[in-house]
Structures are given as structure tokens and as C-alpha cells.
Amino acid sequence: MTIFCSHCHRPLQAEMSCLPSRAKQAPTAPRPFRSTKSASKARRDQINAELQALRSLLPISAQEKERLSYLHTMALVCLRLRGAQLFPPGLAPPAGPALGTELLSLLPGFLLVLSADSKLVYISENVAQVLGLSVVELLAQGDTVFDILDGRVGEDVHKKLLLAREEPGREVTFVSEMRTSKAFRLQHGGNRVVAVCGRFVALRWPPSPSTTAFLALCTPVVQSPTEGEAASQDDVFQSMHLLDMTIIDVTESVTYHLGYHREELVGQSWYSLLHPEDADLAAAQHRAVALGAGAGPAAGTAVLRVLRRDRAWTWLRVWARRDGACITCTCRCLREEEAAHLRSRQPRAAAPP
């Protein structure tokens, strides 16, 4: 028996297109929830309230809190959380926020603490004196040490930190430019070169990545100190020479740096102390200063090796200037890493005329 459609009187098996369009449509799925303006505003208000609550817990002044953006707030909160993980209540860090400004001002640089995965855990407040950036401004650059360093040295720094992590207690040093404020770059012509010297220390036993921190002192590599600044530094001594570089006087502090007594050096030639490979560089500096042939202060600056009394070689950065019939040299002792960094940027000695 054939069943016919009541609409078109055709066999039902032969034609289905005559069915009403509503009958042919598949059941529709429930319409998904759509956000409304009021719901979005409620979520924003909730996020703002949470950020305000976090900001209120930060151990900074009310004035500083008012200036914090959301980005800075979250950066500071993350820093504090990493610090709390390494230094839980009852185990205060050796250089925590309670460290007095008077004590910090005596340091030649600022303190830095990193986690095992190179994340920033603590930066002392006197960082602003070295880089021209506050802790908050520095954190806005990123949350790892690589975010505040010159990217060209990233691989070398990674190797040094890996070596220090594998041998806790072993001191490592690396030198790099660090990010600075725009005002600092305009005043000094670039970023600040900083030597980072530190080691990994296990804070609790048994040691693990979550209980190990890299504690470091970051000291600026002096580019061109004034006489007043140089005289106040412990790693500096001065010498006076005739125009042929014969030593006629030297400060008593040379004994601490090179081991010689003043009387042993007076009357000697400066060249008798120099490493043979640095003689040409020293001669170029000598000519530039004695003849006034140099262009600017850099002409009287050189990084040289000199012989200590114990027959070891010491790296010095030497600033020389002519004072009438004499040449005065201000010498600052360098770590090997500092010397390598400065030598890589030092102009090569010109061939003698």
C-alpha cells in the first residue's frame, strides 16, 4: 500500500522536499552564554579589587603604591612570592629589605639575588644609584637576569650561572651592560657596564633548586672617574712620572695592590713593570698624552698588565694626563673579566711613526 503526501498527493517515499521547512531543520543546540556589558564590568571590577588588595600588601610606602601600574604591581608581587619561597618566615635573607640605607650606601654596588632558574628574587634599593632605575622600574624590563642584561652576553652568562649551580660555593664573575634610565644614557652616552660577582648558596638542607639562591654583588665598571672619586676608591693608586715615564712618586697604597714599597719603584721605568704584549699599547698611550696627540679623554686611557712583586700579573685600567713636565697616572685594579670586557672595546694601538 502506497502512502501519499497530504500536501502534494505524491508517494511519500519518492519526494520529501514538500515537507514544511520547519520540519526539515535539525534540532538546534542551546545558544551559548554571551557576555554582557554588565558581566564584563563586574569581572573588571573584581580584577581591580584583587590587584588593589595585592598592592596594599606590598611593603612600600603609600606614595609608591599610588604610582604603581598593574604591570608593576604584578611584577613586585611575583618578586615577593619568589623571595618568600626561598626565604620563608623565620629564615630572613642575608640582605633583605630591612637592610638599612646607611649600610647600603657603603657598598661599591648593589645586591642581587637570583633563583636557580635565573629569576630575580631580590634587588637592593640602592640600584637606583648605579643604574638610574628604581627596583620597580627595573622589574618592568622582565623577571629574569637576562632581561636586564645586554643580550649579546646571554649565552656566556648562562654558562657561568650553570657552572656556579653545578658547583655551589664556587664564585663566578661576568661583566655586561645593564639597562639604565633614559636620563642616565643621555648623561653617560650609553648603558652602565656592571661586574656581577657571586655564588650559589644552599639556604636549607637538603639542597634543591627551590632552596638554592645565587647571591651576588654588582659593581659598576668605572669608565672615567674624576680625581676626587678615584682618590676615595680602595682599588686605586696613583703614580707620577717624568715625560719618559720614569717613576718619581707613587702613593703608599701601591703596596696593597702590587706588593712593592714606594722606595722600590721610585727611579724605575714604567715599562719595566709592563707585560711584553702590552708594551705597544702603553707606548701609544704614552705618546698620546706626552705629545697631546690624542682626541679626548679616551686617548689617555688603557687596560694593561703589570708585574706584581710576587711575580704574578695584575690587570690595571690606567688613566694618564700630562701636568706640565710630569705625567700622572691613576690606576685601578681590575678583575680578569672586567679587563677582557674593556679590552674588547679598547682601540688597538697605532703603529709608531
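Heads up, the Cβ atoms here are built off N, Cα and C, so glycines get one too.
Marked as domain 'BHLH' by TrEMBL: 31-84. Taken from TrEMBL, the feature domain 'PAS' covers 102-149, 247-278. Here TrEMBL flags 21-41 as region 'Disordered'.
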**Message:** Can you break down the domain 'PAS' (102-149) into helix, strand and coil residue counts using DSSP?
**Reply:** 17 helix, 13 strand, 18 coil
**Asked** Near the domain 'PAS' (247-278), which residues from the same chain, at least 6 beyond its ends, have a CB less than 8 A from one of its CBs?
**Response** 235-241, 302, 304-310, 313-314, 326, 329, 331, 333
**Message:** Counting by DSSP secondary structure, give me helix, strand and coil numbers for the domain 'PAS' (247-278).
**Reply:** 16 helix, 6 strand, 10 coil
**Request:** Average the per-residue pLDDT over the domain 'PAS' (247-278) and send me the rounded value.
**Result:** 94
**Complete:** Per DSSP, the domain 'BHLH' (31-84) contains 42 helix, 0 strand, 12 coil
